[in-house]
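Asker: Quick one: this structure, given as structure tokens, is what I'll be asking you about.
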Amino acid sequence: MTLAKPGSGSQSRMDDKAHFKSRVIRDRATFAEEELGSSDVSDPAMVAAVETLLRGIGEDPQREGLRKTPERVVAALKFLTSGYRQSLEELLNSAIFDEGHDEMVLLRDVSLFSLCEHHLLPFIGKAHVAYIPKQKVVGLSKIARIVEMYSRRLQVQERLTRQIAEALMEVLDPYGVGVVIEATHMCMVMRGVQKAGSWTVTSSMVGVFQEDPRTREEFLSLIRHPSNF
């Protein structure tokens, strides 16, 4: 039998605690670096601006929980506004095809999030996008990418809806485009009137979707139909 030296158990527990604390600190540092991402998002002016905002609300940017917050906010804003650094040409990358299809193509329930340009608070929802091709069709994923590109900018929902429709008209020259967006706005939920559960619905109808009531009704009927998935 091995006899433990007096106090050795206490020392062992202290060593274990020190090791655990060191590991937690390392894990937090690793998590922070991963959250910031590997791409270079450093922007001293933006970081300084976030620090100024933190001081303005009475916080200390140098306290432990906030030391990396300015960099994280800058990284998040760059991601949420990445649509400014994209173009339709690069996005589509020649994914337009001659198919001779002339019936409605509908991509519904495309999830989206964007930042309201008035308060920089998010609005979150889904888009339904349809078009009737003359000759050219586009890969379905590219429609979702177009929604994403315009969403990742400072926006108002009305303009976002119109921009998606105009983009498809520009690249496909179809008989028409219909876009409906349903979204809930945090600027109405977290502040102001504070109405949780309210939704804003906007539409943009171009070409036959505006001119032909039957085409418009077919589109609206299809997006009202419950999904089977």
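Glycine residues also receive a Cβ, built from the backbone N, Cα and C atoms like all the rest.
Grabbed the feature section from Swiss-Prot, which reads as follows:
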type	residues	note
REGION	1-21	region 'Disordered'
BINDING	Cys116, His119, Cys187	Zn(2+) binding site
Asker: Can you count the other CB atoms that lie within 10 A of the CB of His119 (Zn(2+) binding site)?
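Answerer: Neighbour count, Cβ to Cβ under the 10 Å cut-off: 14.
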Asker: Same chain, not part of Cys116, His119, Cys187: whose C-beta falls within 8 angstroms of the C-beta centre of the Zn(2+) site? Give them in sequence order.
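Answerer: Neighbours within 8 Å of the Cβ centroid, excluding Cys116, His119, Cys187: Leu115, Glu117, His118, Leu120, Leu121, Phe123, His185, Met186, Met188, Arg191.
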Asker: By a simple count, how many Cβ atoms lie within 10 Å of the Cβ of Cys116 (Zn(2+) binding site), its own Cβ left out?
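Answerer: Around Cys116 (Zn(2+) binding site), other Cβ atoms within 10 Å: 18.
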Asker: Under 8 Å Cβ to Cβ from Cys187 (Zn(2+) binding site), same chain, six or more residues apart: give me those in sequence order, or none if nothing qualifies.
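Answerer: Same-chain residues close to Cys187 (Zn(2+) binding site) (Cβ under 8 Å, separated by 6 or more) are Cys116, His118, His119, Leu121, Phe123.
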Asker: Helix, strand or coil by DSSP: which one applies to Cys116 (Zn(2+) binding site)?
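Answerer: Reduced to three states, the DSSP call for Cys116 (Zn(2+) binding site) is strand.
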